[in-house]
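Some notes on the structure that comes next.
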Amino acid sequence: MSVNYSETICSFQDTAINNIGTGKKYQTMAHTRSSNIRFVPAVTHDMVRSLFDPTIKKSFLECCITLSIFANFGLCYLFNLKFGQSLTKVFYLFQYILWRLSYNLGIGILLHYQSKNESLTSFAKLNKLFDKKSTSKLAKFCQFEISTKMANDYNMHNYPEEFNIWLLFRQFVDLILMQDFTTYILFVYCSLPSEGIDFKNWRILVGTSMILFNIWVKVDAHRVVKDYAWYWGDFFFLQDSELTFDGVFNISPHPMYSIGYLGYYGISLICGDYKVLLISIWGHILQFLFLKYVENPHIEEIYGSESDTNQLSNSYIDDLIVKENYDYSRPLISTGLRWKHYDLLRFSDHFTILSILAVVLIAIKTKPTEKALFIITITAKIFSASFTSYILFKQSKDKWFTKIFLKNGYTQIYCYQQWQFIYNYSFVLPTTLLILQTTSKIYNLYPNIEYTQIIFGGILCAIQMWCNSEIRAAISDFGWFYGDFFLINYISERRLTSQGIYRYLNNPEAILGTAGIWGTALMTNFCYENIILAIIWTSTNFIFVKFIEKPHVSKIYGNETRISGVGKTLQGLKPLRMIYDIFDDIGSLFLRNLIASNKHALNHSAASPLHLEFSIQEALENANAKLAPNCKFNLEPKPNDEYVLPESIKISWQLPIELYNNRDWIGLYNVLDTRTNRYRTKVSSSGHWCGTSREGYKSDKQNTMAIKEFHKNSKVVKGVVVFDYNLLIFEPGIYEVRYHSNGGHNVIMSSQPFQIKFPKFEITDQEILHSNLVNFLTKVNSINDGKFVENGSKYFNTRTFSCLLKKSTGIDISIEFIKKVSGDLKIISHRLCEIKKILDSLD
């Protein structure tokens, strides 16, 4: 059965909606597609009730359909007695093929022309099938069929032709779909093993579970979409109904075409016959073709295609990277079947493909043992997973990988390109080795492996390939290569995608991303080598997602929890909801007891540090009106709130005496590091801080030198601190200063964000450039005898000097070059101007 709203993952609500406030019952209106005639659709019943419920009226065709179903069972019994099971199986195989083609091809053609030209509706109007005065036998039969099918109060002449022809079309659909199902079941029955079924076998248990799940999918889908979408009603008329997300439509894209056919594979698993499995796959493929060529075009025509209207998507970021970096090209990607973005002028692409070919040719030529292949594969996987995970872990923590390239004169994009090569190579090499190992194992075990295992394993591999394809489609190259670890500055809007496969799963790579690996274990009859490999693949994937990807995502996009479609559906199930409620009650009880015990402890130790911390936090959050007028935290005004290095930052502060502590301190932070929490600083100041009172930090002269003024009276405490080159952060960005309490990290006050940037140096004249560099380094105490020195300022080192040159002149000079010329400013100035001239000459 198919549902044409599965593409948009939506469903129409029931035709009757109860209004609680008035107690009235409203019916959903509908209108015809072309003539726009409005009407209230009559009540209809689902296929099973229409055919088999004795309490519901039956039309002539419905009686014929029901009889044909029972006749097929009787015919199967007689055919089996006379011609044997083998011939009976072939007979019903051809019947199933006929009815499946009638479904996907026959119904598909009718719906295609109905969608394009409303052919069925036009045929009904042309032949006056529902006209009272019509005397044709076809019209009389159609009117008789509808009158016997519908309730006694139904008057077909009060309804438009679109609705009446849809009712007749349903009869045609019932016949084909019921025969399709019946002949498939009879074909499977004839294919069951003659020795019987062992219900303790894992295949029986898994297959039965798949069938039961399939039944739930069908039932829940009909609960959500009703007869209107079940029978392709929007090909004939349109309902004025609300679109909702519910049930099975939250679990999977196209649920009636994807997981709605899971029972096919469950039956094939129980049957244990690879021929049944192949026929099931064939039927499933036809259903996807029906979806692609019949339903999807109609959906796009009626409801529009699903497209990302947000220009700040990952795809937009990819385009932006290409636009801003002319030497950047899309990275090489393996789709499992072919290579995308192969660049003949990129050496790393040749290296990747030649490496894979070399591995394959060496394996074919040397014919390594299974043990050797296993050891090589597991080693390659562990090493590649560890290496890439380490890079991303360090990159998330302190931009380690980017810093390596920047300090050597390379760009951020170049760093990202090298990472793309490393990640892609680390992905395809272990995968290639796994394919070789699995192929070798299957070859050696071939006589003892069933075809069904190989086919099911291939299906799992296909699921993983599909999952990877859907992930790439949803998050584009930028997301696939973890661009938010390297190019955070390209992310204009920090919002996780909820499109494509991410509408249903939060981490599809953790759930479906290893399906193919377990498919190899199935194909090799669960040999211990492939089970170990599958465990390694799954474990490394889980560890990476849990301990590297999730923390980084929280840091970049915030801690907001997004509930996936699958999660919503599971929460809606009553048994699971009861379990959730029990855990919530336990958690609430525990939390109440914890709060009560904390209150008791606070009452007995009012002067404790814990009590002080709670008091300060309460003062911060409640913003006590009495104390607020005495709280001041101001920066020296600057045009556009910009500080051009190395000028100092002057900060004036004032606090009520009740809130002040001698151990209070002020820190300088990048706002990107502190944006997640305004009341507590969770990142280190990295030494960019100073105390507010020398008395509080008597032994720390380095961090009290910035104190310029300090005054204290009976009501307030105030002072002035100046962040000069000894405390400034010599990295351009948006910053803020935060006032912290009592040597801790609770924030009492914070400034408005301001910008720190390097000055712009004129590079067309060497003498002017040299003078500007000398002037800058003199102010930061990092010059001696016309040369740059590192020991003059704690935070202005060679790396910072290299960054200054890049930001102020637009020309990169590597750290190695600076060290090579011993920091000589004349040589550096000459080299910068020389590079500028060379670049200009190439334009």
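The backbone N, Cα and C atoms fix where each Cβ goes, glycine too.
As given in Swiss-Prot:
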- 1-58: topological domain 'Lumenal' (TOPO_DOM)
- 59-79: transmembrane segment (TRANSMEM)
- 80-89: topological domain 'Cytoplasmic' (TOPO_DOM)
- 90-110: transmembrane segment (TRANSMEM)
- 111-171: topological domain 'Lumenal' (TOPO_DOM)
- 172-192: transmembrane segment (TRANSMEM)
- 193-201: topological domain 'Cytoplasmic' (TOPO_DOM)
- 202-219: transmembrane segment (TRANSMEM)
- 220-254: topological domain 'Lumenal' (TOPO_DOM)
- 255-271: transmembrane segment (TRANSMEM)
- 272-277: topological domain 'Cytoplasmic' (TOPO_DOM)
- 278-294: transmembrane segment (TRANSMEM)
- 295-343: topological domain 'Lumenal' (TOPO_DOM)
- 344-364: transmembrane segment (TRANSMEM)
- 365-372: topological domain 'Cytoplasmic' (TOPO_DOM)
- 373-393: transmembrane segment (TRANSMEM)
- 394-418: topological domain 'Lumenal' (TOPO_DOM)
- 419-439: transmembrane segment (TRANSMEM)
- 440-444: topological domain 'Cytoplasmic' (TOPO_DOM)
- 445-465: transmembrane segment (TRANSMEM)
- 466-516: topological domain 'Lumenal' (TOPO_DOM)
- 517-537: transmembrane segment (TRANSMEM)
- 538-843: topological domain 'Cytoplasmic' (TOPO_DOM)
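The stretches the transmembrane segment (172-192) and the transmembrane segment (517-537) do not meet in space: the count of Cβ pairs below 8 angstroms, excluding pairs fewer than 6 apart in sequence, stays at fewer than three. Helix first, then strand, then coil: DSSP counts for the topological domain 'Lumenal' (466-516) stand at 32 helix, 0 strand, 19 coil. Counting Cβ pairs closer than 8 Å and at least 6 residues apart in sequence, the transmembrane segment (373-393) and the transmembrane segment (90-110) reach fewer than three and form no contact.
The recorded stretches the transmembrane segment (419-439) and the transmembrane segment (517-537) share 3+ CB pairs below 8 A when only pairs 6 or more apart in sequence are counted, and are therefore in contact.
For the topological domain 'Lumenal' (394-418), the list of distant contacts is 321, 325, 328, 331, 481, 483, 485-487, 489, 548, 551-552, 555, 799, 802-803, 812-817: same-chain residues at least six beyond its ends, Cβ to Cβ under 8 Å. Counting same-chain residues at least six beyond the ends of the transmembrane segment (278-294), those with a Cβ under 8 angstroms from any Cβ of the stretch are 2, 7, 93, 96, 100-101, 103-104, 107-108, 111-112, 115, 184, 187, 254, 257, 261, 264-265, 267-268, 455, 459. When the topological domain 'Lumenal' (295-343) is classified with DSSP, helix, strand and coil residues number 20 helix, 4 strand, 25 coil. Taken as a whole, the topological domain 'Cytoplasmic' (80-89) shows an average pLDDT of 91 in this prediction. Applying DSSP to the topological domain 'Cytoplasmic' (440-444) sorts its residues as follows: 5 helix, 0 strand, 0 coil.
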